[in-house]
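The block underneath contains the structure these notes are about, expressed in structure tokens.
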Amino acid sequence: MSKNVSRNCLGSMEDIKKVFQRFDKNNDGKISIDELKDVIGALSPNASQEETKAMMKEFDLDGNGFIDLDEFVALFQISDQSSNNSAIRDLKEAFDLYDLDRNGRISANELHSVMKNLGEKCSIQDCQRMINKVDSDGDGCVDFEEFKKMMMINGSA
């Protein structure tokens with residue numbers, strides 16, 4: 001796989017590696033179905049076993065039962081309009097995981113709740129500061145357009 005990722009929704013290759021390493025709990029260089037289940041469970045407690053299996057099947061490009069770094073990177077590559085549309089849908093799905101009350105905006109409380117479920121140690125004040133960094137309309141929340149801009153900040157959309 002090419003190391004030259006022209007655009008991706010997480011930013012730099014280093015950012016993608018950090019996310020991968022966070023998911024790869026046992027540091028074996030691959031994400032197992034159990035590791036994927038833990039991540040999905042933290043983000044969406046009502047996700048079914050079938051949804052987790054379907055996600056693994058979709059992301060496990062070589063069919064070996066694991067998601068390796070190259071497969072993980074491939075998820076974030078955006079190279080043409082059709083994959084850009086897919087990336088926008090993926091971003092919307094990610095946004096929806098944070099938008100717990102489904103009002104189209106992520107509040108500091110929602111961000112804090114999700115971060116806590118992921119095992120992140122951050123205060124509500126930390127979450128408010130994160131929100132403020134990308135809140136371009138000053139409403140104290142992040143809407144989808146602000147979320148999209150934040151996620152694509154290191155790439156040219």
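Even glycines carry a Cβ here, placed using N, Cα and C.
The Ca(2+) 1 binding site annotation in Swiss-Prot covers Asp24, Asn26, Asp28, Lys30, Glu35. The Ca(2+) 2 binding site annotation in Swiss-Prot covers Asp60, Asp62, Asn64, Glu71 and rests on sequence analysis. Annotation comment: Swiss-Prot describes Asp99, Asp101, Asn103, Arg105, Glu110 as Ca(2+) 3 binding site. What Swiss-Prot records for Asp135, Asp137, Asp139, Cys141, Glu146 is Ca(2+) 4 binding site. Residues or ranges marked as domain 'EF-hand 1' in Swiss-Prot: 11-46. As annotated by Swiss-Prot, domain 'EF-hand 2' applies to 47-82, with the evidence given as sequence analysis. According to Swiss-Prot, the domain 'EF-hand 3' annotation covers 86-121, on the basis of sequence analysis. Taken from Swiss-Prot, the feature domain 'EF-hand 4' applies to 122-157.
Shown here: features listed in Swiss-Prot, placed on the structure.
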residue : record                : DSSP class
Asn26   : Ca(2+) 1 binding site : coil
Asp62   : Ca(2+) 2 binding site : coil
Glu71   : Ca(2+) 2 binding site : helix
Arg105  : Ca(2+) 3 binding site : strand
Glu110  : Ca(2+) 3 binding site : helix
Asp135  : Ca(2+) 4 binding site : coil
Cys141  : Ca(2+) 4 binding site : coil
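A straight line from the CA of Glu110 (Ca(2+) 3 binding site) to the CA of Asp24 (Ca(2+) 1 binding site) spans 25 Å. Spatially, by CA atoms, the binding-site residues Asn26, Asp28, Asn64, Glu71, Arg105 include one closest to Asp139 (Ca(2+) 4 binding site), and that is Arg105.
For Arg105 (Ca(2+) 3 binding site), the nearest neighbour among the binding-site residues Asp28, Glu35, Asp60, Asn64, Glu146, judged by Cα separation, is Glu146. Among the binding-site residues listed here, namely Asp24, Asp60, Asp135, Asp137, Cys141, Cys141 has its C-alpha nearest to that of Asp99 (Ca(2+) 3 binding site). The Cβ of Glu146 (Ca(2+) 4 binding site) lies under 8 Å from the Cβ of Val134, Asp135, Ser136, Asp137, each on the same chain and at least six residues away in sequence. Listed binding-site residues: Asp99, Asp137. The one with the lowest count of other Cβ atoms within 10 Å of its Cβ is Asp137.
In space, Asn64 is the closest of the binding-site residues Asp62, Asn64, Asp101, Asn103, Cys141 to Glu35 (Ca(2+) 1 binding site), judged by Cα positions. Straight-line distance linking the Cα atoms of Asp28 (Ca(2+) 1 binding site) and Asp60 (Ca(2+) 2 binding site), rounded to a whole number, equals 16 Å. Comparing CA positions across the binding-site residues Asp24, Asn26, Lys30, Asp60, Asn64, the one lying closest to Cys141 (Ca(2+) 4 binding site) turns out to be Asp24. Nearest neighbour of Lys30 (Ca(2+) 1 binding site) by Cα distance, taken over the binding-site residues Asp62, Glu71, Asp101, Asn103: Glu71. When other Cβ atoms within 10 Å of the Cβ of Asp62 (Ca(2+) 2 binding site) are tallied across all protein chains shown, the result is 10. The binding-site residues under consideration are Glu71, Glu110, Asp135, Asp139. Their Cβ neighbour counts within 10 Å are lowest for Asp139. Put simply, Asp24 is the one of the binding-site residues Asp24, Asn26, Asp101, Asn103 whose Cα lies nearest to the Cα of Asp60 (Ca(2+) 2 binding site).
Sequence-distant neighbours of Asp101 (Ca(2+) 3 binding site) (same chain, six or more apart, CB under 8 Å from its CB) are Glu110, listed in sequence order.
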